[in-house]
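Chemist: Pasting a structure below so you can have a look.
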Amino acid sequence: MINVGLLGLGTVGSGVYEILNNEENNLKKLLGKDISVKKILVNDINKKRQVELPKDILTTNPYDILHDDNIHIVVEVIGGIDKAHEYICEAFKNNKHVVTANKAVVAKYMDEFLFLSNKYEKGFLFEASVAGGIPIIKPLKQNVRINNISEIKGILNGTTNFILTKMIDDGLGFDEALKLAQELGYAEADPTDDVEGFDVKRKLAILASIAFNNQIDVDSIKCSGITNINTLDISMFKKLGASVKLVGSALSSGNKVSASVEPVLVNKNSTMATVKGAFNIVSIVGDTIGQLQFYGQGAGKKPTANAVVCDIYDIISGQYKTDHFIQNGNMREADLDLFNSKYYLRVNTKNISRVLGMLDKNHIQKFTIMSMKNNLVLITDNTSAKSIEIISSQLNTIGDDFSIVRLEDDLNTNALCIGI
Ligand SMILES: NC(=O)C1=CN([C@@H]2O[C@H](COP(=O)(O)OP(=O)(O)OC[C@H]3O[C@@H](n4cnc5c(N)ncnc54)[C@H](OP(=O)(O)O)[C@@H]3O)[C@@H](O)[C@H]2O)C=CC1
Ligand SMILES: N[C@@H](CC=O)C(=O)O
């Protein structure tokens with residue numbers, strides 16, 4: 001008998017509980033062992049639950065799980081950083097395998113968790129922490145053994161992709177679309193993490209750390225979300241034959257690692273544009289494999305719980321390695337140096353000449369103006385991401401309402417600007 005201790009019984013935790021119960025016989029046939037959820041940690045024991053539970057299975061005391069010698073695997077799905085970090089460390093120290101879906105804690109403490117997993121010879125798997133139901137971490141770990149990975153790019157957040165899809169395809173307002181995403185269980189406990197891009201930043205840090213064999217400092221990744229995109233932007237993007245996506249990108253060249261999270265305009269006929277709703281896509285480029293793409297549901301109860309249960313399965317069947325696959329203790333910063341693109345810029349300003357002066361000062365002398373009515377809307381020529389970051393922080397300081405969106409390379413701006 002394998003006993004599981006669940007930390008958390010929200011969207012993901014209840015999905016894990018359901019799958020383990022519904023698939024009980026199937027899992028027993030495959031693994032030759034019974035799996036039982038022995039205890040579940042929650043905040044509020046009296047809350048109405050989505051699943052039927054045996055009496056006394058819930059607890060508010062984490063040590064009922066962490067200090068129980070008969071619990072073999074701890075599944076952490078409470079979210080957040082400090083408590084999750086404390087409980088995961090305590091689980092290893094008490095000789096338990098750990099599975100988590102929590103990207104916030106993994107992005108920050110990946111190196112330490114891998115060290116502990118190695119030290120105590122226990123599995124540490126976190127497939128659900130990036131791109132929900134898509135298997136990406138396991139194949140990435142495999143490919144890194146043979147390939148030098150030069151690029152990771154993807155739509156890594158279901159909530160924002162769902163919101164943008166609803167705004168573009170169904171004309172919903174931002175708030176209404178966000179509320180729907182929350183009701184469907186896609187959003188983080190604090191949805192600011194989704195809409196400001198922090199969640200993507202964490203997922204990108206995890207992928208880049210594995211791909212580039214060094215823990216990437218999550219706080220060094222520059223990030224902007226989707227909250228500045230308004231209905232005027234959406235109508236401009238439609239005129240441009242483009243679709244907007246929140247994209248995380250990381251590049252590695254020589255000793256350099258660059259990473260960013262930002263809204264990106266993609267050609268409406270591109271693969272990225274076809275990724276709708278809470279679906280995600282992740283692409284990696286390696287010197288041997290070329291480009292690999294992974295597509296599937298990036299958020300929600302069942303797909304995420306499926307990824308967690310696959311990790312539980314891998315641990316029980318011994319398909320995990322405790323080797324410390326990123327270097328210990330040597331945190332690496334990501335910069336913007338390897339990014340150079342065209343950018344869409346909209347500024348709601350009465351002082352157009354001041355904005356043009358700002359562009360000039362930051363060496364952005366070539367651009368195509370799309371509109372000067374109330375808002376200045378333009379597309380720059382190829383520009384360094386660093387210059388754009390400076391413009392963005394200056395516009396933030398002035399307090400003008402603005403949006404900046406990077407153009408994906410495959411977007412033909414010559415054709416786009418005709419007829420505007
Ligand atoms: N939702 C999704 O689509 C995905 C989520 N994730 C990640 O999975 C994790 C869980 O997400 P989700 O299930 O959506 O979150 P929820 O907010 O739905 O659930 C959190 C659960 O943890 C419990 N909990 C939270 N803090 C504590 C604490 N300090 N002590 C005891 N119990 C606590 C809550 O208890 P109570 O019920 O009593 O309030 C609740 O049962 C997060 O890290 C999230 O980022 C990853 C991929 C997809
Ligand atoms: N809030 C996240 C949940 C999955 O990671 C998202 O929307 O992608």
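Backbone N, Cα and C define each Cβ position, glycine as well.
Note that this is a predicted model, so its numbers are computed, not measured.
Taken from TrEMBL, the feature active site, proton donor applies to K203. Positions annotated as NADP(+) binding site by TrEMBL: L7, G8, L9, G10, T11, V12, G13, S14. Annotation source TrEMBL lists NADPH binding site at K103. Among the features that TrEMBL reports, L-homoserine binding site is placed at E188. According to TrEMBL, the domain 'Aspartate/homoserine dehydrogenase NAD-binding' annotation covers 8-119. Residues or ranges marked as domain 'Homoserine dehydrogenase catalytic' by TrEMBL: 135-312.
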Chemist: Determine, for the NADP(+) site, the additional residues of the same chain whose CB lies within 8 Å of the mean position of the CB atoms of L7, G8, L9, G10, T11, V12, G13, S14; present them in sequence order.
Modeler: L6, G15, V16, Y17, V77, I78
Chemist: Just the binding-site residues from L7, T11, S14, E188 whose C-beta lies under 6 Å from any atom of ligand 2, please, or none if there are none.
Modeler: E188
Chemist: For ligand 1, which among the recorded positions G10, T11, V12, S14, K203 have a CB under 6 Å from it?
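Modeler: G10, T11, V12, in sequence order.
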Chemist: Can you tell which of L7, L9, V12 has the most other C-beta atoms within 10 Å, given these are the binding-site residues?
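Modeler: When each Cβ's neighbours within 10 Å are tallied, V12 leads.
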Chemist: Going by C-alpha positions, which of the recorded positions (K103, E188, K203) is nearest L9 (NADP(+) binding site)?
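Modeler: With Cα distances computed to L9 (NADP(+) binding site), the winner among K103, E188, K203 is E188.
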Chemist: Going along the chain, which residues six or more apart from G10 (NADP(+) binding site) have their CB under 8 A from its CB?
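Modeler: Listed in sequence order: V77, G79.
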Chemist: Give the residue counts of the domain 'Aspartate/homoserine dehydrogenase NAD-binding' (8-119) per reduced DSSP state, in the order helix, strand, coil.
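Modeler: Reading the DSSP string over the domain 'Aspartate/homoserine dehydrogenase NAD-binding' (8-119) gives 53 helix, 17 strand, 42 coil.
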Chemist: Name the residues of the same chain, 6+ apart in sequence, whose Cβ is under 8 Å from the Cβ of T11 (NADP(+) binding site)?
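Modeler: Expected: G185, G300, K301, T304.
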Chemist: Inside 10 Å of the Cβ of E188 (L-homoserine binding site), count up the other Cβ atoms and send me the figure.
Modeler: 19
Chemist: Taking all residues of the domain 'Aspartate/homoserine dehydrogenase NAD-binding' (8-119) together, what is their mean pLDDT?
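Modeler: Residues in the domain 'Aspartate/homoserine dehydrogenase NAD-binding' (8-119) carry a mean pLDDT of 97 in this prediction.
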Chemist: Just checking the binding-site residues L7, S14, K103: which sit within 10 A of the residue listed as 'active site, proton donor', CA to CA?
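Modeler: Of everything listed, what lies within 10 Å of the residue listed as 'active site, proton donor' (Cα to Cα) is K103.
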Chemist: If you compare CA-to-CA distances from E188 (L-homoserine binding site) to each of the binding-site residues L7, G8, V12, G13, S14, which comes out shortest?
Modeler: V12
Chemist: Looking at the recorded positions G8, K203, which one has the fewest other Cβ atoms within 10 Å of its own Cβ?
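Modeler: It is G8 that, of the recorded positions G8, K203, has the fewest other Cβ atoms within 10 Å.
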